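Enquirer: Got these off TrEMBL a minute ago, pasting:
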COMPBIAS  A:10-19  compositional bias 'Pro residues'
DOMAIN    A:100-313  domain 'ABC transmembrane type-1'
REGION    A:1-32  region 'Disordered'
TRANSMEM  A:37-66  transmembrane segment
TRANSMEM  A:99-125  transmembrane segment
TRANSMEM  A:137-158  transmembrane segment
TRANSMEM  A:185-209  transmembrane segment
TRANSMEM  A:230-249  transmembrane segment
TRANSMEM  A:292-314  transmembrane segment
Amino acid sequence: MSPVAVTQAPPSPAPPPAGPAATRRRGRPARPKTDGVAGYVFLSPWLLGFAAITAIPMLMSLYLSFTNYDVLSDWSATEWVGLDNYRQMMTEDPSFWHAVRVTITFALVATPLKLAAALGVALLLNRSFRAGGLFRGLFYLPSLLGGSVAVAIVWVSMFNQDGAFNSFLGWFGITGKAWVNDPDYALGTLILLAVWQFGAPMVIFLAGLKQVPAELYEAASVDGAGPVRQFFNVTLPILSPVIFFNLVLETINGFQGFTSAFVLSGGTGGPVDSTLMYTLHLYNKGFTEYQMGYASAMAWVFLLSIGLVTALIFRTGKFWVHYSDGED
Amino acid sequence: MTATHPPRRRFLRTLVAGMLALPLVLGACGGDDSGDDGKTELSFFWWGGEARAELTEKALALYTAKHPDVTFKKTWQANQGYFDKLATLTAGDDAPDIFQIDDNFLAEYATRNVTLDLTSYQTAGTLDTSKFPEGLWKYGVVDGKLAGVAFGENTQGLVFNKSKLDAAKQPLPETGMSWEDFIAWAGKAGAATKLAGTMDPSADYKAFWVWLRQQGKEMYNGNELGFTQADVQAWFELWKGARDAKATPTADVIHEGNATDITKQLVVTNKALTSWVWANQMPELQKNTQDELGLVAYPGDASKQWPRASMYFSVFRGSEHKDIAVDVINFLANDPEAGKLLGTDRGLPSNTEIRAAVAASTDNASMKQTIATIDELSKNYGPSPSVPPRGHSTVRSELIKAAEEAQYGRATPAKAAEQFFAASQAAVSR
């Protein structure tokens, strides 16, 4: 693994002679350390950014999660409440558990569907035909528009009472309803929106498919395997590391869904909380109810949960991810 | 010789790296150059559209023309996200000197000591509210402190589609109808026009509030709820009756109307004959439909409505230019020229003299009707309720949630009432 070596200290140009350096002059650190300083100074733009934008705010939020911080009040009014926010979340906030249910439903349904769609389209695009690049681009397009507010707005109007989807149903004599306004279907439209944005995993699948050695298919067909058999016994196993990678990424993505739910419900999670995603509930707690301490606690529970789920997926990976040993 | 080189090279390297990083550090600071030259820059933050921005900028320019030492750093944006930004600025102790706020948030800010108590300015006369209706400026008092200067008077208004009703030869709704009569009217008018007679307002806190007051209750008594679970249940049952009688649209359409967005109100999307709005939204609603609209008070005893401040201007307690900030607000509220510039964009001018001048000069028909309706109603107003307490925005969203449960038939009125009552009690006692 050569990239790792790069981050290690470069070999010092002239190893310090043991004698003089050892008789250390007052206040001067030993030479290798000064070299390190220059390295850190060069790194400083990134380090500063990391500290200011990621590390410090995260630690702050961890601290805030043990307080009753409410955004508007003076700092002096902020009190340490220990685990109270966490206790409240688990025992006193019915919306919390509701949001957990909605989010899990969303992730559990959307992720597999999205991956299936991505893999299916990738398989279709994996043959060489004219304008293949064009189709790849077109299928990838939705995920570029991905989390944008504009797409969510279009989506809402498409699945409204007089939206495009109902006109489409009308051709078959079916009278649709205002899907986005129905608590039984609103989450479904969000899932559909997520699935539609399958471009990113599709491109990765496509790259993976190109790596499958052709001789394996040849060998399989010589042994009498049809296309279905080949898919299950050659393509899937070889592709399993890529599937694994996509599964991890998309699961995390799924849990973090926010924009579309926010736009569809105008920030409320409605109709009747049917689209109250975890992140949306968190946002409302922090920014409309000003319970930022509580919201911070929610964020940490969220982080730990996603970590746990990811770890779980990694665990199961042992049983189904196949790494071919011979490279090239 | 060679011994001197490495340290110098290291020094240079450190220097270069430092210079690369420097702009990053400096970028974070800077900008804060308040003048020692006698000039003052006040930050001024509001929500609204282009039209409001133009009017406000003109009015502020007028102030600068009269007080050349005072300039403004103006920031404005759409309502969506406005309060997120205001909260963030406040958290960073960097709130604007003057900011626009409404009654959903006034108590949240005032009880946390973000807003400056303007009482002393009012007593001293540097903030003149003598031309304001009394109920109006009092609607800016939180816990005995004047937390915001009401900027625009407003009240609940029932907007109806006059064209469609006339075409179907139906009587128009009138101020003073009882709720039962109104619902019966909506059923009949709806059947005659093949439209739903009325939007179902059971999720609408302002309709619920007016109704409560007519029952001798209140939405809030200080920091507590002013109603019982039985009241909520009666309210939900009233509208369940209306839905069963087909006086309202179906639940999914009602949900569309529950959005606060003006363009989504059912009266302009032609999905119902009436919508429950704030009276000052009338001109804007009229712009969104071809049909002619009309405006009356909510059903029941109209004297239970009150002069609601459509918004306020507040001064940040940490502002370095408090006196000037108050003077600016006083100017915007009471100067005839500024009043003429600002018009009714934020509601009817609080200063009744300016209001009369503006009403006389406008040629917008729906604006005229709005002013006439509010003026007519304001003659009979009883005492105003107090500003909604902390937790009000949660109560509002809990009401929508519970009412929708009932509208979609997922909960009985009793069950929905129980849920709403418990949730809102928790919200205000926080």
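Just so it is clear, glycine is given a Cβ too, placed from its N, Cα and C backbone atoms.
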Enquirer: Would you kindly list the residues that approach the transmembrane segment (A:230-249) from elsewhere in its chain, counting only those six or more residues past its ends and only Cβ-Cβ distances under 8 Å?
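Expert: 111, 115, 118-119, 123, 201, 204-205, 207-209, 211-213, 216-217, 220-221, 310, 313-314, 317, 320-324.
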Enquirer: For the transmembrane segment (A:37-66), give me same-chain residues lying six or more residues beyond its boundaries with a C-beta closer than 8 angstroms to one of its C-beta atoms, as numbers and ranges.
Expert: 9, 80-83, 85-86, 292-294, 296-297, 299-300
Enquirer: Which sequence-distant residues neighbour the transmembrane segment (A:292-314)? Criterion: at least 6 residues beyond either end, Cβ under 8 Å.
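Expert: Non-local partners: 61-62, 64-71, 78, 81, 85-86, 88-89, 96, 244, 247-248, 251-252, 255-256, 278-279, 281-283, 285-286.
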